[in-house]
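Scroll down for the structure; my scribbles are underneath it.
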Amino acid sequence: MALPSMSVSEFDALIEQCTNEKIPNGEIDLSAALELSDMIRSRRLPPKDAMRCLKKRVLQTRNNQNLQFSVWRLVEVCMKNGGVPFLKEVCSREFMDCLEQVILAESTDYELEQFCSRLVGELYLAFKNDSQLSYVVKVYQKLVSRGIDMENLKPTENLNAMFDAKTPADWIDSDACMICSTQFTLLNRKHHCRSCGGVFCQLHSSKFIPLPDLGIFEPVRVCDNCFEDYDLKRKSSKGKKSKGKKRFTRSEDDDEDLRRAIELSLKENGRDADTFIPDTAKLEPLKKDPDEEDPDLKAAIEASLREHQQEEMRRKSQAKNMYNTSSPSVAPPIENNYDLSSNEEEDIHLFASLVERMKTQPPTAVLEDTQLQQLYQKVLGVRPKLNYALSDTVSKYNTVYEMNSKISDIMNMYDSMLEMQLRNISLSQQYAIPESGRNSYGYHQNMPQYDQPNSPQIIAQPQIHSPQQNERTILNYASPVSQHLSNGATTNTYQQGSALQNQQPAAPEPQPVSFEKPSTTSQLEGLILEEPSEPPYPDENTTIENPKIEQASERPYPDDHLKQENITSFDFPTVPLRKLSIHGSEQEVKEEPVQQEQLLIEL
């Protein structure tokens, strides 16, 4: 039974699941990471493809320090559990150059830099004598020359065991079975053992068992020899279990003796019998699966757990140090070692002053001056630090300059948005609807009403005119629209309105007026069809008498020889005041013009 192969896209999806953004503090999904390392170790995906998938994930998360940290944690788990073929790909130039760039990058977090440098140091200590992995030594020496601190790493005894993960052996090709030496034919086919990689016939390779130490948890084909080896390991693990049970019974007896000694001591001291005596609970031995009885697997698990505990202790100590300090930053601040001390500054100033003095002296004096030579050696040692400080200052200046340009762009955008909003507000106020109480037209609104066209009756109501209304009324009274009305009707209306105004003794109290928006069509129709209102400036001293209306049956038109005195001096044709009778029996009304006084317009 062959193992199912895995595609690169599926492997990328598993990597994203292990390094999910929702996992805080740069942690990983440990169960998914171990499953991923088992897939690499069982060669369901070629080691080179697995290495390139991890490198691609590192380059994708370059701008996110949290995800970058989780990806490198996953790389560490795969390195220590993926086997030697994957380690060879990790220690190649293609992957180690990426690791070196992450360590030397200025934007790398301090904690991430320390973690990656620790990975390089562990690889160096484990494989510095291996000729196939010699590129790790070159990267280590290059980082040390660049000033990366590698002195904290100490060689441990179990360092080689951390990278010693058992992997399936390479398949061997042969023409005969490696147990019975039977030649393979068309009917007797050959089969490979997934544990040792040998070639066997169907008779000697018919067993199927899982291989958890190789990262294979599904039953696969093994030969008879490998099956017997796994069977012996299971039996030996059962014997260890029985010994563990005996030791457990001895520990229970010791607890019982301790309990009795406590009871006797309490009785001797005169304590009451009701005193609480702690009862030791009997622990049941845990049942372990036979797959977990492999000593190599146990050693690998213990090493990984021990490393995980050390990592947790280190993180807790860093968290305590972070909370004890007054700085609110999450990561510890990077110490700037480029600052010059006071002694170095004094040496530089002293060297400069001595050089100025030596300009006037002969060259032999310069060579004989030992103090100048010593200062020269000191200044040469300070020169790299000055260069680093200068480059650091330039990089900070560029960063601040970019931030300042971004802020200025944002402020310009914000100002343009504010100007646009203010412009919209001014336009909305400019084109707003005028007040409903204000009359946009200059016509006099107090128009008389008629009940019937044949018998006109004027209902005059008391009004209080303001100066503005009087001025507007005067101007409207002289408009060309009002001149289309007949002279007799104008005189009659004016006389009746003045008579009603004289009859009222006093003006009533003003009533609230409801303002409505005027209609242009209705006002024009009222001005043409209806009679105009009374003039606002009558003569108080002159009393106008009502003229006598004479019925003239001969002519329906008013006298043409009489000239009316109006505000303007234009003469317009007159219109019949009433409908002409057919038989000529009706009498016509003869009206006499009344002399009106010219109105004064206030300027």
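Using the three backbone atoms N, Cα and C, a Cβ is placed for every residue, glycine included.
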#### Entry: Range among 273-294, 449-470, 581-602 that Swiss-Prot annotates as region 'Disordered'
273-294
#### Entry: Of the residue ranges 240-259, 300-319, 320-339, the one that Swiss-Prot records as region 'Disordered'
320-339
### Query
For the binding-site residues Cys177, Cys180, Cys223, which Cβ has the most other Cβ atoms within 10 Å, all shown protein chains included?
Cys223
### Task
Could you check which of the binding-site residues (Cys177, Cys180, Cys201, His204) sits closest to Cys226 (Zn(2+) 2 binding site), going Cα to Cα?
His204
### Task
For His204 (Zn(2+) 1 binding site), write down the residues of its own chain that are at least 6 apart in sequence and whose Cβ falls under 8 Å from its Cβ; none is a fine answer.
Cys177, Ile179, Cys180, Cys223, Asp224
## Note on the structure
Given the binding-site residues Cys196, Cys201, the candidate whose Cβ has the fewest other Cβ atoms within 10 Å is Cys196
### Task
Identify all same-chain residues not among Cys193, Cys196, Cys223, Cys226 whose C-beta atom falls within 8 angstroms of the centroid of the Zn(2+) 2 site's C-beta atoms; report them in sequence order.
Arg194, Ser195, Gly197, Gly198, Phe200, Ser205, Val222, Asp224, Asn225, Phe227
### Query
Which Cβ among the binding-site residues (Cys193, Cys226) has the fewest C-beta neighbours inside 10 Å?
Cys226
### Helix, strand and coil residues within the domain 'VHS' (20-151) as assigned by DSSP
91 helix, 0 strand, 41 coil
